[in-house]
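Reviewing the structure listed below.
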């Protein structure tokens, strides 16, 4: 069964690789980012929404703000924006720098006075802007600029945003998800900090933790645990190890999933007014069914018990339902978190790999079962099997 061991090792290595990449992604902060032309900044903030970062230096003598704003656009043909609103919080009335790809494929950054959501025309803004430049690299757009601010400026109302398309050289309207609506805050030039960075980063970190825990538990470990039970028990080599592997995998997945579920409840409590109804209800259903499944383990009848057949139907049915709902909810969560596309692609590739292995093992399992049944002596209804020559003999008195 060397091929079976190799398949399981490949799956384990794939899961480990995915986890390491996710961990690397979560550990990425603005302090690890570097720029071309040896650009250096005194401060940086991990902005709490839209996977964005702001690097900046304030020169109080010249009253100038040099900045680098980094964010992934909503699509490869989209746009990103960073703005100052001199009068209020929010996008309307802000003085914006918007970067996007032009028709010739080169990056451009232009200034916009956003007096209306519907009419977005390039124009001069209330601040003198110099050293404007835009870049696109590894799925992220970057805006570089220096703004001349009024003297004695201490605190700015900052706004940032991303959009999915540019039509006729004009950025189209952005989405209205929670992250889009909450991408604003204050930038304290004297203290060198953003008031959004502490609480916002905490929520973002909790979102990422919630996503990783649930993707690993409901989306990866539970399907692997199901495959262990379905395929390893067919081979006598793995008796009774398959059972303990199955239980260990599923119980571990349940524990990790409960931690992720609890993190989700905490996030829900911190985000009043933000509702992800389908994701929430599927999560509650998953937790309920998985808890039922764990307790059912203690009520498992013996193999020869008359109720074992019905328990098997219940156990298998609930198990498959949990796996299907878990995978669906992972994709729901990916839509909400909106990470870089490579993470969704990595999860899809992992599912395809597991599906391919499952299909291969399904064929092998049926071959083994059919051969095993054909080699076993059939039950005699009007006679007995003579073990000496395998021929059926008539029953006597």
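Using N, Cα and C of the backbone, Cβ positions are placed for all residues, glycine too.
Nobody curates TrEMBL annotations by hand; they come from automatic prediction.
Taking Cβ-Cβ distances under 8 Å and a sequence gap of 6 or more within the same chain, the neighbours of residue 246 (heme b binding site) are 225, 228, 229, 232. Per TrEMBL, the feature heme b binding site maps to 210, 246, 279, 315.
Taken from TrEMBL, the feature domain 'DOMON' applies to 50-163. The average per-residue pLDDT of the prediction over the domain 'DOMON' (50-163) is 88, rounded to a whole number.
Here TrEMBL flags 170-370 as domain 'Cytochrome b561'.
For 1-27, the entry in TrEMBL reads signal peptide.
Annotation source TrEMBL lists transmembrane segment at 211-229 (among others).
Here TrEMBL flags 241-261 (among others) as transmembrane segment. Long-range contacts of the transmembrane segment (241-261) within the same chain, counting only residues at least 6 positions beyond its ends with a Cβ under 8 Å from a Cβ of the stretch, are 209-214, 216-218, 221-222, 224-225, 228-229, 232-233, 283, 286-287, 290-291, 293-294, 297.
Residues 214, 218, 247, 250-251, 254, 257-258, 261, 264, 311, 314-315, 318-319, 321-322, 325-326, 328-329, 332 of the same chain, all 6+ positions outside the transmembrane segment (281-299), place their C-beta atoms under 8 angstroms from a C-beta of that stretch. Annotated transmembrane segment per TrEMBL: 281-299 (among others), in sequence order.
Annotated transmembrane segment per TrEMBL: 311-331 (among others), in sequence order.
Summarising the annotation, TrEMBL assigns transmembrane segment to 346-369 (among others).
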All-chain count of other Cβ atoms within 10 Å of residue 315 (heme b binding site):
16
Same-chain residues at least 6 apart in sequence whose Cβ lies under 8 Å from residue 210 (heme b binding site):
260, 263, 264, 267, 333
Can you name the residues of this chain that are 6 or more positions from residue 279 (heme b binding site) yet have a C-beta less than 8 Å from its C-beta?
329, 332, 333, 336
Where the record says 210, 246, 279, 315 bind heme b, what is the longest distance in Å from one Cα to another among those residues?
27
